[in-house]
Amino acid sequence: MAVPPGHGPFSGFPGPQEHTQVLPDVRLLPRRLPLAFRDATSAPLRKLSVDLIKTYKHINEVYYAKKKRRAQQAPPQDSSNKKEKKVLNHGYDDDNHDYIVRSGERWLERYEIDSLIGKGSFGQVVKAYDHQTQELVAIKIIKNKKAFLNQAQIELRLLELMNQHDTEMKYYIVHLKRHFMFRNHLCLVFELLSYNLYDLLRNTHFRGVSLNLTRKLAQQLCTALLFLATPELSIIHCDLKPENILLCNPKRSAIKIVDFGSSCQLGQRIYQYIQSRFYRSPEVLLGTPYDLAIDMWSLGCILVEMHTGEPLFSGSNEVDQMNRIVEVLGIPPAAMLDQAPKARKYFERLPGGGWTLRRTKELRKDYQGPGTRRLQEVLGVQTGGPGGRRAGEPGHSPADYLRFQDLVLRMLEYEPAARISPLGALQHGFFRRTADEATNTGPAGSSASTSPAPLDTCPSSSTASSISSSGGSSGSSSDNRTYRYSNRYCGGPGPPITDCEMNSPQVPPSQPLRPWAGGDVPHKTHQAPASASSLPGTGAQLPPQPRYLGRPPSPTSPPPPELMDVSLVGGPADCSPPHPAPAPQHPAASALRTRMTGGRPPLPPPDDPATLGPHLGLRGVPQSTAASS
C-alpha cells in the first residue's frame, strides 16, 4: 500500500525538495558565527572601568596624532588673510575694557605712572607720581564701560560729599584728591595708603592682634561709622571687611576705610546682594530692608577676627553662613523671620508658630545646633584669650574680655533697631580707662613712653605686602581674599614714639547706652549727631583722633602687631612725614606713602584732543545714574 507523502514514519525529515532549500542556510551558518570569542581585556565594560585611564590615554594619542597630521597637510596660511584682533578704544584698552597700563607714561603732563598695584571688577589701581605736588598717589582707573562709569559716578559723589564734611581728614575715611577723564576712563586720585588689616593678620600667622590694638582699631572704626551716620551723609558702606580697612603707616595704628564702590545713602538703596559673605548681616541674608546697622554687624565680625585671627562666621555659601550665625547666636527672633522674604531658605516654621533650622544637604556634618558655639569660648574669656595665647598678658584679664564680649554681642544683635549705634559703641565700657589699665600704662599725665622698641629694630618678615588706596569690589566679590594691591617700602629710623595707649572717652557709668534708631530716617529720641559739628573733635566728649610723628616706613612687610605703636594722640589722622618729601628722580626711587592737600582737577590741554578724553564735570551726579548699572 502506498503511503501518502508526508504521512510516513519519517515525515518529520525534509523531503528531497526541502533539503535543497535548507542546505544553503546551513552552509552560511559558520560565516555568521565568530571564529573565536573576543578577548576579555578588550570588552567595553573593562575599558570603561578598570582600564579607564588607558582608554583616555589611547583617545588622547589618537586625537593628537590626527591633529598633527592635519596640521602637516594644511597649506601655509597667508599672514595677510589672518583675522585682525579687535581694537578697543583706539588700542588703549584690553579685551576687558581695562586701560593698558604702561610704566613711565605721563598723564596730563602731571602724573607719571609707576606700576600697577591692584585690579578688581571696577578696573585697576596704579601708583603714580604727581609732579605738581611732588607726592606719590594712587589712581583708580574705572573700566571703559557705561555700567562701571555710572557706578563710579555714585562713588565719586559720595566721596566728594564726605570730603566736604571732613575737611581736616580726621574721621578715618580715604581722601579723594581729585578726578579727571583720561582716554575715556574715569580716574580717581587718592592718597596712597599702606597695608590692609588682612595683611596685618597674615603677618601674625592668623593668631590675631592684642586686645589693646583691637580696641584702637575699634575706636577709629566706630568714629568713622558715627561720621557716616550724620544726617547730612547717612551713608552705608555696604562692604566693610579687613581688606577695605587700611593702615596709614605700617608702624602706626591709624587706619582709613576705603572702597565706597558699593555704598549708598539711606533711602537710595540700589542692590540687594551686598556685603562680603563672612561679614553679611542677617537682614541682607533674609532679604529684608537694611540701613546703616549692617555696617555695625560687619564691624562686630571684624573685631572678633582681628583678635582671634579667624573669621567668626566663615560660611561657604549663604545657607552655611546663616547656619554658622545661628550656631553662635541662636535662632533669629520669630517677628523678624515672619517678615523675611527669604526666611524659608534657611528655616522651617514649627506648628506652634516658632521657627527651626531647615535641614538641607548643605547643612554641615559637624553642625552642633543653635547657640552651642558660645562667643565666650571663641574669645577665651576665662581661658586667657583665644587658645590661651594671651594668658597673663597685661590688658587681657577676664574683665577686659567680658567688656569686649559685651560690645561684640551688642554689635551682633539680630534686630537692626536693637543693634548698638556708633555713638553708643564709643560710650561702651570697653573704651573706658580702668584703674588696672592706668597701672599698666603709667600715670595719665606721664610723658614717658611705654611703647615697645622702635619698629626698625624688629626682625624683617618675608610676608608679601599688600596695599590699597581705594580699590576693591562690590559685595559680590570673592571671599577667597585676593590680594589686589602690593608694594614695598623704603626708609630709615625715625624719632622716638610717644605712647598714649589708653586715651578713650570718659563716660559716666550711669549713662545708658542708646540703641540704633533703625529705618531710613534718624529717630529724634536717639543719640544721633545733629550735624558734623557734634562729631569727635568739635565739642562732643568722644575719642580723640590720632596724630603721628613723622617716620618713614619700613622696607619690609607689615611689622608684628605687638611692636606697632598703638598710640592715639589728639589730632587728625596724619599719614605724612614731618616735611614735604623732595621730588625723586623717578617714582620708583621712593615708595614713601604720604598725604597731600587736595585741589581741583586740572583741565586737559586743549591742543591734544586725540590723546585726552573730554574733561568730565562729575560734581553733583544725580542718583538716577545708578539705574542703568
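Using the three backbone atoms N, Cα and C, a Cβ is placed for every residue, glycine included.
As annotated in Swiss-Prot, phosphotyrosine applies, among Tyr64, Tyr271, Tyr346, to Tyr271. Looking at Tyr56, Tyr273, Tyr290, Swiss-Prot tags one of them with phosphotyrosine, and that residue is Tyr273. Close to Tyr111 (phosphotyrosine), meaning Cα to Cα within 10 A, are the following modified residues out of Tyr92, Tyr129, Tyr171: Tyr129. Per Cα geometry, Ser262 is the residue among the modified residues Tyr92, Ser262, Tyr273 nearest to Asp239 (active site, proton acceptor). Cα of Tyr129 (phosphotyrosine) to Cα of Tyr401 (phosphotyrosine): a span of 45 Å. Tyr401 (phosphotyrosine) has none of the modified residues Tyr63, Ser262, Tyr271, Tyr273 nearby, counting only those with a Cα within 10 angstroms of its own Cα. Considering only the modified residues Tyr63, Tyr92, Ser262, Tyr271, Tyr171 (phosphotyrosine) has Ser262 as its nearest partner by CA-CA distance. Working note on the modified residues Tyr92, Tyr271, Tyr273, Tyr401: by count of other C-beta atoms within 10 Å of each C-beta, Tyr401 ranks first. Using a 10 Å Cα-Cα cut-off around Tyr271 (phosphotyrosine), the modified residues Tyr63, Tyr92, Ser262 reduce to Ser262. Put simply, of the modified residues Tyr63, Ser262, Tyr273, the one whose Cα is nearest the Cα of Tyr92 (phosphotyrosine) is Ser262.
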